[in-house]
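Report on one structure; see the data block that follows.
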Amino acid sequence: MKFVDEVSIRVKAGDGGNGCMSFRREKFIENGGPNGGDGGDGGSVYMVADENLNTLVDYRYTRHHEAQRGSNGGSTDCTGKKGDDLFLRVPVGTTVIDASTQEVIGDLITPGQKLMVAQGGWHGLGNTRFKSSTNRAPRQTTPGKPGDQRDLKMEMKVLADVGLLGLPNAGKSTFIRSVSAAKPKVADYPFTTLVPNLGVVSVDRWKSFVIADIPGLIEGASEGAGLGIRFLKHLARTRVLLHLVDLAPLDGSSPADAAEIIINELAQFSPALVDRERWLVLNKADMIMDDEKDERVKEVVERLNWEGPVYVISAIAKQGTEKLSHDLMRYLEDRADRLANDPAYAEELAELDQRIEDEARAQLQALDDARTLRRTGVKSVHDIGDDDDWDDFEDDEDGPEIIYVRD
């Protein structure tokens, strides 16, 4: 199934049903009076988080969604039927945004969570509602109110405990294959991974966590090189990042340079994401001699001034991966325990999470704006100058400019 994590749709709630104007007409009953019923309310539109979905592809080709209209009122004080609500199922981790105001309507982060995105219209009133002591036969009704209509953007971020970060061919997919049952494609060329992959790492019988593998970054990704940096949004909700570095790159490049490239691109996307807990994982240690391995590890650590955990592993040979998995599980458990018992720590993490979300949202919006400009033939907003010559389409030739003024 095709992986789609961003779509734009239009939703329309159902209009309310109109009120009915009717009078009681029955044998032997004179001046029966009004008996027009109210209309029914229009159906609303809801988003529902479904844990069985992992892509927004269903909304790529069906972009208009409308809830049912409320029925009109009837005679004998019959109220119209309420329109059926429309439930749109989306993957867990979907953010719903109003496309016109860029306001975040809500995040669907728990299975079964519901979010109303368009309110159904109110019902109209029948003429029975308007009878009074001075108006025994009212001929007044009200129409139903129109339902809300909204243009929405939906962005899906995978929900994972651990995120993998690194250059292409750093061994991210091989690592996730070695520690979980996930089987992402692995090959010896760049950008083998084109979409995020999730794997469940079982540490003990009752202990596990979810790990996310995203496409690799290259230098200049923040400016659109390679696959860009849009996929970094999937790391915004992770609890810890594993920074994978290839100790034995095929092109003979420096592992320290590769590590710096990733950190720079990460900072371009979200400076707050750099403050997330990050562990340095040096992969492919089995491909070089021990002396050279120690020298390269020392070079990377010193170049980055790294103070966090450092692991030297071989994902393909499963060397060091088990210890890393156990340490990750222990860290996640300690983190959850501290969140529950330390309010100051919980507040600090909540503030960091919000900063990451805000910066990621702003970065994605900037990328969308740039894409819109490119579609209109403008490379950037700086190319739009102050053009005061508003009528320069036809009269830019040399010579006097004549402006006709109507008396």
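Positions of Cβ are set from backbone N, Cα and C atoms, glycine also.
Under the heading domain 'Obg', Swiss-Prot lists 1-159. Taken together, the residues in the domain 'Obg' (1-159) have a mean pLDDT of 90 on the 0 to 100 scale.
Here Swiss-Prot flags 127-150 (among others) as region 'Disordered'. Within the same chain, residues 10-23, 31, 33-39, 42-45, 67, 69-70, 72, 77, 98-100, 117-121 sit at least 6 positions outside the region 'Disordered' (127-150) and bring their C-beta atoms closer than 8 Å to a C-beta of that stretch.
Helix, strand and coil residue tallies for the compositional bias 'Polar residues' (129-143), in that order: 2 helix, 0 strand, 13 coil [DSSP]. According to Swiss-Prot, the feature compositional bias 'Polar residues' maps to 129-143.
Feature annotation from Swiss-Prot assigns domain 'OBG-type G' to 160-333.
If you look up Swiss-Prot, you'll see 166-173, 191-195, 213-216, 283-286, 314-316 marked as GTP binding site, on the strength of sequence analysis. When secondary structure is read from DSSP and collapsed to three states, V195 (GTP binding site) falls in the coil class.
Per Swiss-Prot, Mg(2+) binding site is recorded for S173, T193, and the stated evidence type is sequence analysis. Of all Cβ atoms in the shown protein chains, 24 besides its own fall within 10 Å of the Cβ of S173 (Mg(2+) binding site).
The feature region 'Disordered' is assigned by Swiss-Prot to 378-407 (among others).
Per Swiss-Prot, the feature compositional bias 'Acidic residues' maps to 385-400.
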Other C-beta atoms within 10 angstroms of the C-beta of K284 (GTP binding site) total 24
Simplified to three states, DSSP reports S314 (GTP binding site) as strand
